[in-house]
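Below is one structure; the comments refer to it alone.
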């Protein structure tokens, strides 16, 4: 059971084998064979494009460029040459994706950790510390979710490049980052953009923890930081995992933020930027595009498949980030 | 293997700096949070001792302590949101009222440009098509599939297959589909779509060059990615329908068709709305697909893509900002609708 949710209890099968969910019943009464057929057709349509890409990425260059990937079934010829070329090739046209792969990693790891830590601190305060204006702060943070990140890009970039001056006084100098130092800008941007959703999602989980538990701890004289560290954190690990996966997929797959704050240089451009570039300038170099796309897909796919359970739980706890 | 690992060293060093910063900031904050209350506790203890010695009334428990705590817990988040989101958003609104290099106020001229320039109107129409088609079709597919595989054998695997594209980047997805749409003049086709067309006796086409068909083909990519999300949420909603309602309906002898329209649909209505709204907002902001597939050429551009072009490629930060603000304005009513629905749901 990978994608089912805890609410399945209502939908377990009766002893006589009739499904008790409405959908199950509808499906059963619909001519069952038609239902199966339609669902198989949809599943095939959804899977074939990725499958085709994968098969192609393993075929020799001449073959990819002259025949469709489906001929691989009748004339199987496979090679790792494309991956070799696209990852480690020296020529500038090869993509040199191994370096971008490292960039993606360097961008993603801190961009997941920072918002995760800050958001769960904030979510705890909003859920369990009594202070005036608490609801308003929560509503304000919640509402920030609707600000499209496009609204922040131009001024934020300016903030990094020129700093802040108020009435002629430099409050904050320009960051003046070069090469791989630009990772810091990307971390900062991703952290800011992720926070509203992160606080919202984690608040959903944290506020549902049993109040008795907190009360008992308080009576025993535990302070908020202590409760947070010893009670709340261990209990919300699944929620942290859920948001961690969200944020990981979001950052790893992001193009816009990376394009603007990391730039296109070898030192900083993540896989997505390099791939989008290749798709634009070398749209017919299918041996590189297919292998490159698969390189960028493989890590999120592994994360997704192994942690799907948490991801789904996160999806159902709130909405998703758009 | 011609890959020099030493070249990568500065990146790993930078990553390490990032991690050290993380440990320092978060660890420091937690430490601070432990030290501050300890100090307060000591002071209170001292007050209590002093009070009991002098016989004065016990000092009341100070109220503002909670507030101070909350402030520390919230500090990084509030600070980052202010610097990274609130202030920039306000500045974007101001920039949208200024000219390209932000030296002069131009009033609403940038907004006028959005609705008068032919290319811009095309962009707005394209965005409208995206927003009308993607949420409806993706939700439709998601719902059909959720119903079809519910309680079927291999349900988990079947769901994973549809859900999988959600893990793939929009860039990756665009390349996957560009390959499906690939065109070769004569000889064997390498794109699946053209191969199908040819095998049915048709002529191969340059799919991504033909407007307005190309916009629809890009929309297919978004639907392909998002249907899985709709399916998962709706499937959970379907499974949450109480068994006794279903039982009662069955005793009344309703047909499966009636069951679907009278029981399933009304029960999952809130989930349907959430899915549609979420997809609408995601679709409004779609950027990667258009940029990777066509770069906005051949009449396929949308607001988010055009915003990037104007602000970061053509140096027209006024027009770019106006597009960003317009995007924001489009999102607001959708969100208000969702909030209203959520509230109704909670009251009902």
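Cβ atoms are placed via backbone N, Cα and C, with glycine included.
Note: TrEMBL annotation is automatic and uncurated.
Summarising the annotation, TrEMBL assigns region 'Disordered' to A:1-23.
Per TrEMBL, compositional bias 'Low complexity' is recorded for A:11-23.
Annotated transmembrane segment per TrEMBL: A:35-55 (among others), in sequence order. Sequence-distant contacts of the transmembrane segment (A:35-55) (same chain, at least 6 residues past either end, Cβ-Cβ under 8 Å): 27, 69-70, 72, 290, 293-294, 297.
The domain 'ABC transmembrane type-1' annotation in TrEMBL covers A:101-307.
As annotated by TrEMBL, transmembrane segment applies to A:105-129 (among others). When Cβ-Cβ distances below 8 Å are used as the criterion, the transmembrane segment (A:105-129) is approached by residues 137-138, 141, 180, 183, 186-187, 190-191, 194-195, 198-199, 201-203, 205-207, 209, 214, 224, 227-228, 232-233, 236, 240, 243-244, 247-248, 251-252, 258, 262, 268, 270 of the same chain, each at least six residues removed from its ends.
If you look up TrEMBL, you'll see A:136-157 (among others) marked as transmembrane segment. Outside the transmembrane segment (A:136-157), and at least 6 residues removed from its termini, the chain residues within Cβ reach (under 8 Å) are 122, 126, 189, 192-193, 195-197, 199-200, 203, 256-257, 260-261, 321.
According to TrEMBL, the transmembrane segment annotation covers A:187-206 (among others). Among residues of the same chain six or more beyond the transmembrane segment (A:187-206), those with a C-beta under 8 A of the stretch's C-beta atoms are 107, 110-111, 114-116, 118-120, 122-124, 126-128, 138, 141-145, 147, 149, 152, 156, 160, 232, 236, 238-240, 242-243, 246-247, 250-251, 254, 257, 260-261, 314, 317-318, 321.
Sequence-remote contacts of a segment are chain residues at least 6 beyond its ends whose Cβ falls under 8 Å from one of its Cβ atoms, and for the transmembrane segment (A:227-252) they are 104, 107-108, 111-112, 115-116, 119-121, 124, 128, 190, 194, 197-198, 201-202, 204-206, 209, 213-214, 217-218, 270-272, 299-300, 303-304, 307, 310-311, 313-314, 317, 320-321. The annotation transmembrane segment is assigned in TrEMBL to A:227-252 (among others).
Feature annotation from TrEMBL assigns transmembrane segment to A:291-312 (among others). Sequence-distant neighbours of the transmembrane segment (A:291-312) (same chain, 6+ residues past either end, Cβ-Cβ under 8 Å): 2-3, 5, 50, 53-54, 57, 82-83, 85-87, 95, 97, 101, 104, 238, 241-242, 245-246, 248-249, 252-253, 271-272, 274-275, 278.
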